[in-house]
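Asks: Here TrEMBL flags HIS581, HIS585, CYS698, HIS702 as Zn(2+) binding site. According to TrEMBL, the domain 'Alanyl-transfer RNA synthetases family profile' annotation covers 1-741. The annotation N-acetylmethionine is assigned in TrEMBL to MET1.
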Amino acid sequence: MNQFKPIFLGTVDPRSEMAGFRRVANSQKCVRAGGRHNDLEDVGRDLSHHTFFEMLGNWAFGGEYFKEEACTMAWELLTRVYGIPEDRLWVSYFGGDPKAGLDPDLESRDIWLSLGVPSNHVLSFGPQENFWEMGDTGPCGPCTEIHYDLAGGVGAPQLVELWNLVFMQHNREADRSLQPLPQQHVDTGMGLERLVAVLQGRCSTYDTDLFSPLFHAIHQGCGAPPYLGRVGAADEGHTDTAYRVVADHIRTLSVCIADGVSPGMSGAPLVLRRILRRAVRFSTEVLRAPPGLLGSLVPVVVETLGDAYPELQRNSAQVENPGDGRAVEKGFLQGTQLHCLLPGQIASLVSEDEAAFLDSLQRGRRIIDRTLKRLGPSDLFPADVAWSLSLSGNLGLPLDLVELMLEEKGVQLDSAGLAQLVQEEAQLRAHQAEPAQEQRLCLNLHALGELQHRGMTPTDDSPKYSYSLQPTGEYEFGPCEAQVLQLYTEDGAAVATVGPGQRCGLLLDRTNFYAEQGGQASDRGYLVRAGHQDVLFPVAQAQVWGGFILHEVLASEHLQVGDKVQLHVDKAWRLGCMEKHTATHLLSWALRQTLGPSTEQRGSHLNPEWLRFDVATQAPLTPEQLRTVEGTVQEAVQQDEAVYTAEVPLVLTACVPGLRSLDEVYPDPVRVVSVGVPVARALDPMSQAALQASVELCCGTHLLRTGAVGDLVIIRESQLTKGTTRLLVITGEQAQQVSTAVGRGDFRVWAREVGKSLAQEVDVAAERLNRGSRDLVEAHQLSKDVGRLTKAMDRAVMPQWQRRELQARLKLLQRHANTAIRKLELAQAAVKSQELLKQHEKGPLIVDTVSAQSLSVLVKVVRQLCERAPGTSVLLLSPQPVGSVLCACQVAQGATPAFTAVAWALAVCSQMGGKAWGSHVVAQGTGRTMDLDAALSAARAYALNQL
């Protein structure tokens, strides 16, 4: 019901098509795998639960019809149209809740009895069964359910819910109280899968032709025994459970990925990732299926569902307007921008993630095996290692799977330690979470209902488009005269007056403020009362609620209903938003020109400082593509093209090739924004103009000519989720200059100049590398300078395409610099090892000091000594100018097993108050001592004792 919540809450745009809905019937895709209604862990264990299902519904808004009509139509459809025997149907109704002060829904009971339902088939239940709530707050109400008896009169009834009729009468408030809705609504839902099972005479949804093709494909793909529909103890080896899990989950994966939600690391993508990994586990571990089985099932899903949901079988890679009837359950896909992929891409993505998970499983098993070798028979498996394997760690394995893998090894996990890590992670996330924003003022459904009851018309915000471009190139924003219709306190109470210093909500008959919507930040500014021009009332923001625009105002003096006011927008703020919004349209158009006409926008947000743009991509953008996108926008900016706008009937925009629209509800008439092409010509289906220019449905405020954008620089590019790239963009002055702190002062530098300056520094570093280094000191300094440049590149505000190119060059330079260091170190080590060999006679042991600039050089000297004197164990110390002592050693291959390099180094470095690390053969360490002779003596004594 999420798509209709604006109607229930009274926040629907009165100009939109949805505002005119009175009766609706639909079929929609639903996913329940998170939030209040979460079926994920139940799927497969029984014969009825699914993560993805299709919901058939009918709706009545604003009292168009209510209980009697809803019950009568449902009964008629099931018994007369579908021909389901009446004696197989039972109904339940809400029996009341004395604690909540709710009476029994006797009206529904009496309606069913009047329709001929036997009284012994009419059951009364409490709020747990027959009071429907989507979440902790929001629209809710009593429901009456129609059930089907699988037993058919043989023995005790076996009832399965078939259709739920919800009567939206209440709203659950934040304080858990129930308040009546301003209008009553009907929301019914019947699962297609269960209806099909009834009509096909099946006891389980999994026994219908919705699933039989998938079961056949699974059997053919893995060779497991055929599906027999067993559950519980009868399902030996959990084979049938695995069939149900894999079949259900591949349906969920296919429809979600087709709608643009790919497995990821947070939110809905994370839920989908868990679904995918659960399917892989059952597929590989229970069914013993070969890799790639899941991907091979995608065409079967497309064959089954493709006719109803064409986005699953589009010939193109992406579609501009995904199919209608799409719906999602709260806590999963709500608010997600959608776009579609063709079946081959869906299968490829599923197979890639399956392969990645299987690789993680193998790596996880190796880590577990290595860890177990270090543990004693009664030791617990370390919690930190288990955590590193989990979804919160490095490999992304579910913790329950890690525990299962340990259980198979007969090892117990340190559960207490793991619980502590889980708690620390939760605390860290809470600390890193964005600080809670100040509670903004709003018009709740009761306030909106009161306004509508009083017959108030929505706010006239057409003056927000009343601005002009002067011959000087300056924009002029005129004031707006308005009258105060209502005032609201911070807690939402309607009042007639407010006093000085009071934060309040202000409702006017008209406004020139842009209310936050469509990804564009709200205007800000101030207002004055008529005749009191010297007293300013700051306006922090404006929000739209059901067509009414609420201004958040800090009262400087008394303000009351009926006052005449004059509104002034913050010109610099508004112009910054206009600049970014027009730049957003140009960026979207440039991306389509560069990546292909089917490129889909996933979302955007803008304010005067920057704009964020999310775009569907099959792979990260290359530096050349980023550069091309910028160049395409700059060309449109330099041409200073006119930006045309017009309001047109929504129906005229339905069949225009190339017209861009997002998956949103638009008002009717709708505003069209066209760059360089008059709207009338852009909307002419025969002109094809919308294919060559930026033409979009948009209610935002825009520049009148593109030249004022000035410049556009993509400064960051990242993978938001698989298949979605996020671009961070600056324009105008932000693109041309950014504030950079140097020393004690600030100065302004051109953003593109930052890139140019860093490019010059990279050129200098490359030249230094080409010249070569005279010694290790110079080589190490060059390596440090390359590292410093790399860090500066990561932080710099500069073109992303240039950053990526320079980062690639720096990576290569760092590799060459390190190679040069290694060559110099080897040459130095060769000289020093030769000198040491001359000083020591042949024997089983060399312990000495040598001058070395780093541990790396010292280890190389030790290695070369051992290569030139096989059978000799070597330990060298190297005093450093800062007072520390470096240590490196290597034990000869013929030494006794008890003589190890790491123990030798530890014995010496511990005496120097330091530490050591390494292997049985080679080790190194550090310490600090003024008595090198004592350290050398300890080294000799330890080695001779072992030898």
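Here the Cβ of each residue, glycine as well, is placed from N, Cα and C on the backbone.
Help me picture these features in the structure, burial and contacts included.
Replies: On its own chain, HIS581 (Zn(2+) binding site) has GLN520, LEU606, LEU611, CYS698, GLY700, THR701, HIS702 as residues at least 6 apart in sequence with a Cβ closer than 8 Å to its own Cβ.
All protein chains shown were included, and the count of other CB atoms within 10 Å of the CB of MET1 (N-acetylmethionine) stands at 22.
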Asks: For the domain 'Alanyl-transfer RNA synthetases family profile' (1-741), what's the mean pLDDT in this predicted model?
Replies: 88
Asks: What's the CA to CA span in angstrom from HIS585 (Zn(2+) binding site) over to MET1 (N-acetylmethionine)?
Replies: 32
Asks: Quick one: among the binding-site residues HIS585, HIS702, which has the most Cβ atoms sitting within 10 Å of its own Cβ?
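Replies: Top count of Cβ atoms within 10 Å goes to HIS585.
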Asks: Around the Zn(2+) site (HIS581, HIS585, CYS698, HIS702), what further same-chain residues have their C-beta within 8 angstroms of the site's C-beta centre?
Replies: THR582, THR584, VAL643, VAL673, GLU696, GLY700, THR701
Asks: CB neighbours of CYS698 (Zn(2+) binding site) within 10 A?
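Replies: So the Cβ neighbour count for CYS698 (Zn(2+) binding site) comes to 24.
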